[in-house]
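S.K.: So TrEMBL lists the following for this protein:
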TRANSMEM  21-43  transmembrane segment
DOMAIN    87-248  domain 'Glycosyltransferase RgtA/B/C/D-like'
TRANSMEM  107-127  transmembrane segment
TRANSMEM  157-175  transmembrane segment
TRANSMEM  231-251  transmembrane segment
TRANSMEM  292-308  transmembrane segment
TRANSMEM  314-332  transmembrane segment
TRANSMEM  339-357  transmembrane segment
TRANSMEM  363-381  transmembrane segment
Amino acid sequence: MEISKLPERLSEKITKLFSDKYVVVLTVIIVFHFTLNVIWQYINTAPPTWDSAGHLVLSYIFTDRFPEFFGGHANLISLIKVSTYYPPFLHFLGSLVFFVIGRNYEFALMLGTGFFIIAQIYLYLIVKEVTQNKKTAVLTVLIFSLFPQVWEQSRQYHLDVPLCALLLGAFYHLIKSRGLIDKYHSMLFFLLLSFAQLTKWYAFIFLAFPFLYHVLYSPLKAKVLHDRNRWTNLVVGGIIVVLVAAPWYVVNFKTILENVQVSSTADAGDPSEVLSFESFFHYIKLSTTHQIGIVSMLLFVVSLMFLFKQNNNMGRYILWSTLIPYFVLTLIQNKDLRYILPLAPFFAFSIACFFTMRPTKILPNIGIGIYLFYLFFYYFFFSFNQYQTLPKSLYFVSTFFAGPGYRLTWVDEPYSYAYNGKDWKGEQIIHTINKLANEEPNIHGKYRVLEVSDNRFYSIASFDMYLLENRYYEMNLKIPYNRPDAMSEEELADYLSTIDFAIIPKDPGPPGLRNIAVLRQLVSYFLDGQHAEFELSQSFDLPDGNVLYLYRRSDYLKYNNPALSQEHLRIYMGNNLILDRELLPGRSFNVRFYKDNGEFVDINYPESGGNQMRLSLDGVIRVKIDLPASEMNIKELHGWRYYDQHLIRDSKYNELISGSYDTFVYYSGRLACIFSGIFYLWRKGKDGSAFYDRQW
């Protein structure tokens, strides 16, 4: 083929493709959702919530870790261990977005839209392949894309729409492989299955029945099970899965089990008994109220019966493909509506078949029109309404979607899927903490921030996301996440002893949180005035009426030495180092000065010396006193920071010292200026040690 003819041939293929009216309709559907998602993201200024923010955090960590890996500073195992609970496929793709486009979470959010488009394309191809009916295929895509939870999840940085797209892709290539006979489609099936397993661990559950049906049952029934190509492709495909997906599970197996023991337990609202009537119908309830709606659920039930009547094999196939994953996920105590999102294509397909495979056209077409109007109405209402609660005149909106039994579901929270154009101040708070930390001379290196809020738009995940987006690597956020009960007084004191800042909300979060007891304890500790070692720095009023209070530690000297011995050395630092040995009589110890020219000087405080020693700090950038931390009582740090038993000159030393007393000396419990007559002179010896002359 001549290269010059490639554009011409490509143009011919595109022209031929779009001469198909159903492809044009599919394109219009895709463009519609892409455009509306872009508009929604533009007007939505609220940060990603909970899991979405947490996934973005992992993508930022990958973004930082890859240069270390390629630079030889991190190994492959450490890279695999970046995410020890969630499989890393989406996080890896997000890191590529940050590398290519920029370090802004809004860019990564569009990955959901990208996978949404992929899901629509594969769904169209699957239905067209199975039914040979393009109208059914395009209607299936339209219905699927208008299910509320589907388009809502496409706007989040969650794993479920990507998982759905990968499963649909794997499903399509499984069908096209003719039971793994075709090598090309077989390899694509196993590759997409591997990516799906690297998106969520339970991906295989949704493909279990289709795989057994197409690879074992159908060939066995047709007496062609022992085809050599099938078993060759199965072995090669298994190797692909082992090479691509297995390493993450093997390396993180122990951590995965530990995390699952916590995360698999029931959340608030989940049925307490797995094997119960309530548990079995829980996902049906959630799907009816928040995923597809009461009308769509009823249509699915009716359409499934219709399929059994029209095509018994198709009806059974849809039933088992839906029922097996539903039953398995029901057996898991922790339940979330997102877990069954990959079943939505089966719902949409069944409903589309009900409308398009009937012998008459007029009534089905009218039904399609009414049903699509219903879906489009809720698409725009749920996406763009700004009600905080529904007025009584609009209660019917909730009733017609969730059904009479749950008619108040959307009354209290009609904004759940809507854009939020308010400022939740998360990034401002992170910037404020970073600024305060830089200005605090007693903070050197990493510092800890207690974050007690676990609310929708301001949780530790969203704060962590802003932290990494702005590269505030010295900031370390803390929250007692896996603590189900309150702390004892001793535990609380120990927990807070290492905290530099605290973000304390008036309301810590929903009552069903696993750690709500300890969160409320911490809120009470600060807001009830028990926080003697902290002071209020600033407060932030939030759009939902909550308030975030920012506290900073105010007792750094005591904080740096919480277990002080009765016998101790008093230390004062400014432009001189003053040591008071009154409470540490007769003890000899060394003091090491690290000079700005790279040299160091050792000074001995002898047993026979007096109770006080004053040393000039000219040219000194770091001081190490050879005493345990429990015997050092740091009384004054003027232009210096304490870190890991070292006294380190602050970067703003000259600015802090300027205008202060010329020298400081401790006398009778008070600091006093001394003008002349008292000084210590030290000189460096040949062996690097030092001796001093004391003159009065």
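Quick reminder: no glycine exception, Cβ is built from N, Cα and C everywhere.
Curation does not apply to TrEMBL; its annotations are automatic.
How about a rundown of where these features are and what they're close to?
M.R.: Through the fold, the transmembrane segment (157-175) approaches residues 48, 51-53, 55-56, 59, 86, 89-90, 94, 105, 108-109, 111-112, 115-116, 118-119, 122-123, 125-126, 129-130, 150, 185-186, 188-189, 192-193, 195-196, 199-200, 203, 206-207, 210-211, 214-215, 338-339, 341-342, 344-345 of its own chain, all at least 6 residues removed from its boundaries and within a Cβ separation under 8 Å.
Residues 202, 205-206, 208-210, 213, 264, 274, 279-280, 282-283, 304-305, 307-308, 339-340, 342-343, 346, 349-350, 353 of the same chain, all 6+ positions outside the transmembrane segment (314-332), place their C-beta atoms under 8 angstroms from a C-beta of that stretch.
With a threshold of 8 Å between CB atoms, the same-chain residues lying at least 6 positions outside the transmembrane segment (363-381) that come near it are 139, 142-143, 146-148, 151, 293, 295-296, 299, 351, 354-356, 397, 400-401.
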S.K.: The domain 'Glycosyltransferase RgtA/B/C/D-like' (87-248): mean pLDDT?
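M.R.: Looking only at the domain 'Glycosyltransferase RgtA/B/C/D-like' (87-248), pLDDT averages out to 95.
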S.K.: Cβ under 8 Å to the transmembrane segment (339-357), counting only same-chain residues 6 or more beyond its ends: which ones?
M.R.: 119, 123, 126-127, 131, 133, 135-136, 139-141, 143-144, 147, 149-150, 153, 160-161, 163-164, 167-168, 202, 206, 283, 286-287, 291-292, 296-297, 299-300, 302-304, 306-307, 310, 314, 318, 321-322, 325-326, 329, 332, 364-365, 367-368, 371
